[in-house]
């Protein structure tokens, strides 16, 4: 009988979500899904107030103007740079002046790499200066540079097939762009795979959906036991040109010179501000973006926009005189571009309280006009998030997609905390990503207003609901 009872409970649990009779537990309380739907529906007026203030009202364009002031003043914010630390101190002051609570800096250790002077020139079959951007963490060349013949390949499979041709050469990858997740492996692993077959350097076709002769930088990693070789990204145009030349049987020779250096790790800070919860202050909805960037462009899109709509979300809640039941916590991460370095240390520092995190949110895919929210969590939590997103019907942004994305929140998501990220126009995003084109010109104030409204509504409602989002 005991077994049959538990079997009955399991069956009811499995089928009840669609019927509106799912049981959620918070302490000793039991609530049906219908009751939760009704609770969320009661936030309609609050959601409209947030939308009106952000998109049509007094504070429209505020996140855009705040962002422009920072990036025009400071510029790009590479991990380990003085620019990044200047930006952190400015944001620390800004958040205090904005009237947010518990504003503080949490110290972390981060990498310090500088690209130095760099150049690449094709000297055979003709003289042609290549636009390049060294990849983060790359070693430099000898002072005199490297002059070597080129081997062009379209994939790692082709590289292995032609391994006997690679020794002493510069491997040029002309991999096709499918999507970022699949194509970025060439940037991440290109140098290692080339070094394994004896190459002296690697040049990788930029991981981008479109190019107007623009190289795109990014993170790459070396592997223990494999020689380190210099590595950089080149433009799509030059990669395709060299592929055509090679297919005709032309010999290609490049002179590569890179002054990149890695210095000892240095101190930096994650920047934190809150609106303290009124009823469950120890419980948290985390809203975030990263403050660091690469050393090209202004870091406006990646990830100034995400950081500033996250700040704007708390500002909007504060400006409306709202105080959610649980704490809204803003975190502006440092050293995300080096693999979530600041976020990993935040996780280690705070994971003892993991049961108190209802939702972790990160905006790091641009702040163009969002089409919805990407979400990772239990089926119960997803059903709740669909109801929350229905409050954004006035903006026609109500969809909930699978798989929240965010280097900085993945630590929490993998540990079972529900996670959310903006669903954005990634095709357009990769026009500018990690390039000199990542400037305020890529930003649209009206689209930032909408993104901030979506972010604020979701964060506030989840933070103010009577119960935390249920986990698996």
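Glycine residues also receive a Cβ, built from the backbone N, Cα and C atoms like all the rest.
Binding of Zn(2+) 2 is attributed by Swiss-Prot to 302, 337, and the same site annotation extends, among 128, 434, 436, to 434. Neighbour density for residue 290 (Zn(2+) 1 binding site): within 10 A of its CB lie 30 other CB atoms from the protein chains shown. Geometry remark: residue 290 (Zn(2+) 1 binding site) versus residue 61 (N-linked glycosylation site), CA distance 20 Å. Residues 217, 218, 293, 294, 299, 303, 433, 438 surround the recorded Zn(2+) 2 site, their Cβ atoms falling within 8 Å of the Cβ centroid of 302, 337, 434, which are themselves excluded.
Nearest to residue 353 (N-linked glycosylation site) in space, judged by Cα atoms and limited to the recorded positions 302, 336, 434, is 336. A separation of roughly 30 Å, to the nearest angstrom, links the Cα atoms of residue 396 (N-linked glycosylation site) and residue 434 (Zn(2+) 2 binding site).
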